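In what follows, a structure is listed as structure tokens, so that the remarks can point back to it.
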Amino acid sequence: TMAPQGSRAPLEFGGPLGAAALMLLLPATMFHLLLVARSGPARLLGLPPHLPAPAALWSPGALLLWLTWLGLQAAFYLLPARKMAEGQELKDQSRLRYPINGFQALVLTALLVGLGVWAGLPLGMLTEMLLPLAWVATLTAFIFSLLLYLKALMAPASALAPGGNSGNPVYDFFLGRELNPRFGSFDCKYFCELRPGLIGWVLINLALLAQEAELRGRPSLAMWLVNGFQLLYVGDALWHEEAVLTTMDITHDGFGFMLAFGDLAWVPFTYSLQAQFLLYHPQPLELPTASVICLVNAVGYYIFRGANSQKNTFRKNPSDPRVAGLETISTATGRQLLVSGWWGMVRHPNYLGDLIMALAWSLPCGVSHLLPYFYLLYFTALLVHREARDEQQCLQKYGLAWREYCRRVPYRIVPYIY
């Protein structure tokens, strides 16, 4: 069957079969990690000692808490924003408007949680609910993706994503058919991209820290580091929320199960793995080692932030004094490619910074277990795959100019290695 609406995008993720496999594999991996993190051996590649009873997965309280959380973040999203930003130009030459108030949502959440803890809210209790919460988050992602799939049936052809319209329902359900599904001015994809998941992740981290303090009198140095590093990362993402409008997730990928599950379930429940591990497997950490780990994180953050800021400044205004002196290559589309500064070092310096930070998040967990390094391994695989997707798109978009850029900047992510 030919793809409708002339979308001849080559199938990614191994087509419908790969999509179906990932829809089972991703939730299964998430539950595997949640179970092994709290088990005695904590083996990444071993089976969990015992599987939970179905009753341990379902709790009406968890459902209520999860829906309250989504409702709260949606309410914060609808509050007046300090700024409205315009997205990239769409197929019909229009641009969507987006509220830039993610950091505001983080601060308001922090104030609310602070008030709650002060009033005696048992934050540590959240750690006992991770399994049922992850279960309702997964169910929500499935139901939400189904609604989005049905909604896309009513959408005009110009509103559909280039990738998720192959005509195969399984593949399209996974990849997402509509590019920017909205209910009124509420943008589903943009909302889910950074709010419930990222803020939920730091909240789960904080609950694990509170639980550790309750169990052992005070949180360990390793737990403080993991909380601090990841809070910096989330705070940074929300502070620079506008930058998400130029990413592949927003400009290219439809909103289907891949992003819905990733944003709502995968991020909060698997990215908090290091803190989960530390609660059940406390690790001794001396101050000198901790200082070195902080330095590693700082270097990673410096590269990540420097590269991203340079790219965003250049995209907004190439004649900005901060980027005006950088060397560029002209392309047939009229856009310029940076070949000096951070982007002259490797093709994806932001990924390099990301990976160095991922290493720093895992190091406080010691080196006795592979489990806390899952994020680093997964992230490496994700970035290598994403990098290949980027290359493919850039080659289609810029042609010869991209080939010239690759000749000038031979390494993709790690200088002299890859």
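Yeah, the Cβs are placed from backbone N, Cα and C, and that goes for glycine too.
Among residues of the same chain six or more beyond the transmembrane segment (17-37), those with a C-beta under 8 A of the stretch's C-beta atoms are 43-44, 46, 48, 51-52, 130-131, 134, 138, 170-171, 173-175, 257-258, 261-262, 265-266, 269-270, 273, 276-277, 280, 371, 374. Here TrEMBL flags 17-37 (among others) as transmembrane segment.
If you look up TrEMBL, you'll see 57-79 (among others) marked as transmembrane segment.
Under the heading transmembrane segment, TrEMBL lists 100-121 (among others). Long-range contacts of the transmembrane segment (100-121) within the same chain, counting only residues at least 6 positions beyond its ends with a Cβ under 8 Å from a Cβ of the stretch, are 72-73, 76-77, 79-85, 194-195, 199, 202-203, 206, 210, 234-235, 237-239, 241-242.
Residues or ranges marked as transmembrane segment in TrEMBL: 133-150 (among others).
Non-local neighbours of the transmembrane segment (254-273) in the same chain are 13, 22-23, 26-27, 29-30, 33-34, 37, 130, 133-134, 137-138, 140-142, 144-145, 148-149, 152, 160-161, 163-165, 172-181, 188-189, 192-193, 196-198, 200-201, 203-205, 208, 230, 371-372, 374-375, 378; each lies 6+ residues outside the stretch with a CB under 8 Å from one of its CB atoms. The annotation transmembrane segment is assigned in TrEMBL to 254-273 (among others).
Residues annotated as transmembrane segment in TrEMBL: 285-304 (among others).
If you look up TrEMBL, you'll see 355-379 (among others) marked as transmembrane segment. Only residues 6 or more beyond the boundaries of the transmembrane segment (355-379), in the same chain, are considered here, and those with a CB under 8 A from a CB of the stretch are 33, 36-37, 42-45, 221-223, 225-226, 229-230, 233, 270-271, 273-274, 277-278, 281, 283-285, 290, 293-294, 296-297, 299-301, 303-304, 413-414.
Tertiary neighbourhood of the transmembrane segment (133-150): same-chain residues 27, 30-31, 34, 57-58, 62-63, 65-66, 70, 126, 169, 172-173, 176-178, 181, 188, 255-257, 260-261, 264-265, 268-269, selected by CB-CB distance under 8 Å and a gap of 6+ residues from either end.
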